[in-house]
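Everything below concerns the one structure shown next.
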Amino acid sequence: METLCQRLDACQEKILDCFERDSKNITDHIDYWKAVRQENVIYYKARENNMTKLGHQVVPCLQVCKAKACVAIELQIALESLCKTEYNMEEWTLRDVCESMWYTEPKQCFKKQGQHIEVWFDGSKDNRAEYVVWKWVYYCGEDGWCKVSSAVSYEGIYYIHDGHKTYYTNFKDEATKYGCKGTWEVHMGKQSIYCPDSVSSTFRSNVSSVETVNEYYSHKTPTTSTPVGTYEASSSLRPGKRPRTTEPDSTDSTTQSTTTARESYAECVARNTDNTNNNTRKHLPGGASCNNTEIDSGYKTAPVVHIKGEANRLKCLRYRFQKHKQLFVTVSSTYHWTNVNCAVNNSYITVVYKDETQRQKFLDIVKIPPSVSLVLGHMTCVDM
């Protein structure tokens with residue numbers, strides 16, 4: 001058991017080092033997925049021997065260990081293959097190669113620089129969904145890895161795979177799920193694509209899909225941007241209608257289709273800061289922000305730091321905090337709020353301190369990775 005604990009500690013040290021390094025080198029991300037694979041192999045072996053804990057770590061069930069190890073192996077192999085191509089010279093962040101990004105449409109492809117578009121079903125703005133058009137899609141074809149741009153038409157969002165259009169979002173299928181009339185409108189920036197049956201004139205673009213996508217990203221100013229994708233022969237502009245002024249944000253984070261009335265899917269990438277009260281904001285190490293609020297003096301309270309981020313990162317970080325036990329009173333397990341979307345980066349841990357001095361000393365000494373965010377506060381004292 002002692003040997004397994006030591007190996008697990010070494011793996012988790014490597015994982016946390018990868019988070020803190022925030023590397024843009026693909027070889028570092030290969031090392032990360034190797035460490036994740038090894039971590040889950042250790043968990044699997046421990047569970048096979050009926051061990052439910054390794055040190056202070058709870059051992060997941062066999063099915064969870066196996067599933068996570070398989071994902072790590074799949075991504076490790078894909079990255080090792082991609083590393084042998086000319087694309088290994090590009091910048092790759094950990095969020096570009098994370099599990100959620102890998103399984104976001106188009107699945108089992110690497111993707112970069114997503115642009116949001118809106119689709120209104122049944123012509124109603126209140127029944128709209130959001131989708132992502134990727135500037136770059138990296139897929140493994142018959143001749144190895146290829147880099148292409150995705151584009152949008154009235155039918156859906158697609159990219160060219162081995163000379164053929166591959167739709168990863170089909171608006172007709174989406175309209176069946178979310179609409180009643182089987183019609184929809186596509187809105188991207190100041191341009192719109194409407195149902196061809198609803199107008200008498202037809203607009204055709206002579207610009208190829210790839211050219212249009214690249215042109216869009218080379219003009220990011222809202223007033224001069226060109227639409228992502230191309231208007232196909234079946235798409236039309238409504239005569240006498242001014243372009244919509246909806247301007248979606250450009251982001252690298254990955255989101256799947258959402259509607260106003262439905263929960264949105266989680267983004268793979270975590271933001272480094274929380275939006276807190278700007279009137280009492282401080283800047284902390286790692287780009288985090290904090291918010292001090294007035295506490296009713298009638299209650300006995302303790303200063304705390306809430307740390308938000310991806311669950312596995314927080315677990316590793318909590319483990320590393322044990323080296324600084326003298327700098328805090330206690331630390332919670334990983335948790336999340338139940339009334340919000342349980343996204344990848346919506347997990348929390350809370351660190352409790354005996355006084356403000358101890359908390360400040362903790363923040364000065366303990367290295368906090370930029371991939372998580374901090375919020376300072378106070379909590380009513382509990383048994384500790």
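Cβ atoms here come from the backbone N, Cα and C positions, even for glycine.
Sequence annotations record features per position, and here Swiss-Prot assigns region 'Transactivation domain' to 1-200 based on sequence analysis. Across the region 'Transactivation domain' (1-200), the prediction's mean pLDDT works out to 89.
Summarising the annotation, Swiss-Prot assigns region 'Disordered' to 218-292.
What Swiss-Prot records for 220-237 is compositional bias 'Polar residues'.
The compositional bias 'Low complexity' annotation in Swiss-Prot covers 251-263.
According to Swiss-Prot, the region 'DNA-binding domain' annotation covers 301-384. Secondary structure of the region 'DNA-binding domain' (301-384), assigned with DSSP and counted as helix (H, G, I), strand (E, B) and coil, comes to 27 helix, 26 strand, 31 coil.
Annotation comment: Swiss-Prot describes Lys308 as SUMO cross-link.
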